[in-house]
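The following features are taken from TrEMBL:
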type	residues	note
COMPBIAS	27-42	compositional bias 'Low complexity'
REGION	27-51	region 'Disordered'
DOMAIN	74-172	domain 'Ig-like'
DOMAIN	179-274	domain 'Fibronectin type-III'
REGION	262-282	region 'Disordered'
DOMAIN	307-402	domain 'Fibronectin type-III'
DOMAIN	408-503	domain 'Fibronectin type-III'
DOMAIN	507-605	domain 'Fibronectin type-III'
DOMAIN	612-710	domain 'Fibronectin type-III'
DOMAIN	702-791	domain 'Ig-like'
DOMAIN	1016-1140	domain 'Ig-like'
Amino acid sequence: LVEVQEEVKEEGVGQVAMRNLFSRATSSMETSSMETSSMEMVTVEKKSRKKNIRESAELELRKKQNSDNLTHPPEFIVRPRGQTVWEGKTVKLHCTVAGWPKPRVAWYKNNVLIDAKTHPDKYTVESNYNMHSLEIKNCDFLDTAQYRASSLNIKGERSCIATVVIKNEEVELEGVPVAPLDVLCHDANKDYVVVTWKQPAVEGESPILGYLIDRCEVGQHHWAQCNETPVKYARFPVTGLIEGKTYTFRVRAINRAGVSRPSRASDPVTAIDPHDRARHRAGPSAPFTGMIKFTEEDATVGVVPGEPTDLVVTEATKSYVVLAWTPPTQRGHEGVMYIVEKCIAGTDCWQRANTGIPVKSPRFALFDLAEGNTYSFRVRCFNSAGVSESSAPTAPITVGDMLDLPAAPGPAVATRNTDTSVVVSWGASKDVKHLVGYYIDHSVVGSNVWTPCNNKPVKETRFVCHGLTTGDLCVFRVKAVNAAGYSATSVESEAVVVKAAIAVSDVPIGVHLVEAARDYMVVGWKEPIVTGGADIRGYFVDYRTVKAGFIGQWRELNHKALTTTSYKAENLKENYFYQFQVRAVNMVGISEASLPSMALECKEYTLAKPGVPRCLHVLEVRNTSVVLLWEPPTFDGRSPVNGYYVDLKEAAPGEDWKGANNKATKLKYMKVNGLIAGRSYVFRVRAQNLAGVGEPSTVLGPVLALTMPGTHEIVLDVDDDGVISMIFECSKMAEGSKFVWSKNYKAMTDTSRLTIVTEGTIFNEPSLEDLGIFSCEVTNTDGVSASYNLTEAGLKHLLDISHDHKFPIIPFKTEMAMDLLEKGRVRFWTQVEKFTSDCKVEYVFNDVIVENGKKYTMNFDKNTGIIEMFMDSLMVTDEGTFTFNLIDGKAKGSTSLVLIGEVTQSVFLPGPHFVDYLDFEVTPECNVLLKATVRFYNRTSSCLFFGLQLCRKDAGMYEVKLKDDRGKDISLFNLTDAGTETLLSWFYCIQLIYYGSTAPLLWFHCISYSDRVNEPTEKDKGKYTINISDGKDGVKRVCDLSGQGRIYRARVVGGLPDVVTIQEGKSLNLTGNVWGDPTPEVSWLKNDKELVSDERYALKFENGKFASITIASVTPTDSGKYALLVKNKYGTEAGEFTVSV
């Protein structure tokens, strides 16, 4: 039986697939076939009614015996999509087809079968598993068509259509017109041809001013322009051709922006007499008989030809006039040539028009005629024997256009068609002569940019505009064209949205038995794959009886549309067989009936095990997974259902069922993982109760494991206000499509937890009650759906982000710190990590906002994020909390520094220090005064330390030290080398004056000149000269420093503060500058105990000048007195400072 079915299947597929391929051969051989068939014997078998009933019953029996029958008609899982591409590109159409037996797919172009084997350079057809493709190479205008994929097996045939539009690539040239189309040659003669073309769809940024015609001899590559002045008409007579040569022609359009690219070249045409061309095409009139006849020479040789006849004006435009006539009958064997003459109407002055080259053809075009003037024309012919009489002159004709522009077409009417196309219709132009066709343009509302919909003019008054963008709001207009040019555009259509038109839905699928009893049966089905762009409003169920091979009439079961996908048919007869079919209804109407179910028996369900699960369907189809959902069985058996098992297998012969779950699930959904992309699967579900596992459900599928292009997943988002929402995007919305949200695959009825908006849901008050799987399905689409599993950890993370968005905090790179500067100044500072230009700062001391003034100086550098506040000095009254408050929109930030307690006393009571360092002043009496300004216990006083009458013995380095138990300070004054050069040039004698100081614990020390050359280098070697002059006399002294040694005592010359206040957990890094020769030894002390470099303290001494200490992550135990101790053979010094954590 299987072998017979396979044979029938193969024969049927082959017959249908090749039916159109051999249609031409069949029609051409019809006559011979009829003659042959008349000779054959035809046998007709008449079946009896009894035999027919028996064969039908056997067929139904075979169907019932196959319990796991996967046979079903073809079904397009992925439909071929229409495309719009540029000329010369390659187009590939794809589709995926399911069905069993495996369908055969054939491709058609405008309902004509495509034979890829006959045209391998143009088409390539591939079929791999269930995926089929058609590749169209090197596309041109002729490839614009409707392509149909036809899928066929023994269960039926399905088709899908995709429209391919090929656009002219010249549109890419900005401003200039597109190249003209369809260049053709007409009325070719010995030296004359008429070239015609079609105007392009796009004129460019300005109207077309005219056309230029080029010609090229076949075999050459040089194009010569035929007309100097652009012609407005799409028709031009080319003269001056050389008899016997073959030419091709092309046309270029011109507007104010420039010249277009040339059109495609015309077919080659030979300049030859039409009679000779006809004679060449006809060939020899009779076969050669072997006999040659000799005749006498024709007596017409050397005879003057007769006059031409039938002279008429065939074309008249502003640019040229074309004459045509009939050659004379008496012209001799040598042929004739023609002379064309013109005359202004009302005069008798005839002028020769072809003064350059004689005319060989009975056609001639006259150019350079004055527009508006009236002319008459006549023709004479001549040969070697003489010139003929003139022909009869033409009637007077006025130079001007004989062909008017077409009238504007009627208003355009646009109607929706598909997601990427719109049907446009319009009224035909009235009283138009020689109409070439119509061009259709479209524009997206608000853009003011018009784009052509067709590259070639169409003569019908209806056109389908393809290649549009789904969802765009477009308007359309139409213009007519003939040889004279373009008409005015029609009235624009009303705006229309590019969306699929609403239509009747497809038929429901998968009609099956859900439950049966003695007098009723419950049947179920699946909704149509394509709903026609509108929601399914209900279903109608029909039934018929099947008994002993007799099939009854279909009868309606319900008169009111059902809203569910199952129905209980009551008042049936026990042990009878019935068939059911279902129709779907939407707002457009009622669909065709579904395929009938198999014959189902009405009998009592008495099993202890549960019935079959029903309403199987899938969501979220991806490359490696699919979500399967089902409804519980109508009949639970003797105990309630306590679980389900899901089985699957590949939709191919020989595959075995395998379980997706080893342990029964109590849920009515399951995500099946581990699928292989590109393969088709079938699924079934079995219910379980205490009595065992019931029968499997109706098989669902095949389902292709493939993520559709443009598929999106659900995204969780937290906005700037901290609102948590779920967003799902769909790019394939159709008319009436809606987002249907569910939780754990059940409709959400509790709106207190969530607010559902167009493309998402908003959590009102997120909590643990919201945990679960949230899914979204888009109606009126090809199963667009997605889900998101919200876990406890994910919810906690979202709540943290929400809190940060509701109450944003400005981050700091460093907390507030304090630096002590020269002369007792204090700097409070911090650095902000992230902020905007609108960020503002409040400077607060002890909860009181302070302003920029004498005591406080503020600065906020928004390039670096550093915030500073300066104070000239700190008093005891400044003890307290200093705070920087930052406000940046909703974001806030704050950092503080507390200066309270004994640790901070040293900050408020700094040790003695110099406000102004030691310097000199020259009095009018030529005395040199050395003075400085010092500060003790927040009191400032000016002190004069020396009064000098400058002389040579006074040269040297002067040093003043201030010291008490709180600290010390040093001021140096250099009266050596360059330091005294200026003074010595002014004074010859310096008087020494001493001023006492009342400052306690103060002394001074004079150091000789030779003790103070700071860090000499090789550059400092040489002779030094000092000139002392009083304006009249002078003295000169020289000092040679070319190598003698110097003594440099070890010193700490700077870099260390007096007090360091630092926050716990921060890192402390201090560097002191060291001086001395030989290089001093360096050590660090804490509370008079020497420190050792280890993991806690990093002690470094670099380049003999820089000593540093680093303490990582300070603690309160790091507070104390520290000292940098330097020592060499000339002395020892310590730089002390206090650290407060």
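Just so it is clear, glycine is given a Cβ too, placed from its N, Cα and C backbone atoms.
Note: TrEMBL annotation is automatic and uncurated.
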Give the mean pLDDT for the domain 'Fibronectin type-III' (179-274) on the 0 to 100 scale.
88
How do the residues of the domain 'Ig-like' (702-791) split into helix, strand and coil according to DSSP?
3 helix, 38 strand, 49 coil
Is the count of Cβ pairs under 8 Å between the domain 'Fibronectin type-III' (507-605) and the domain 'Fibronectin type-III' (307-402), pairs 6 or more apart in sequence, 3 or more?
no
What are the DSSP helix, strand and coil residue counts for the domain 'Fibronectin type-III' (408-503)?
0 helix, 42 strand, 54 coil
In the domain 'Ig-like' (74-172), how many residues does DSSP assign to helix, to strand and to coil?
7 helix, 60 strand, 32 coil
Mind checking how the domain 'Fibronectin type-III' (179-274) divides into helix, strand and coil residues in DSSP?
1 helix, 43 strand, 52 coil
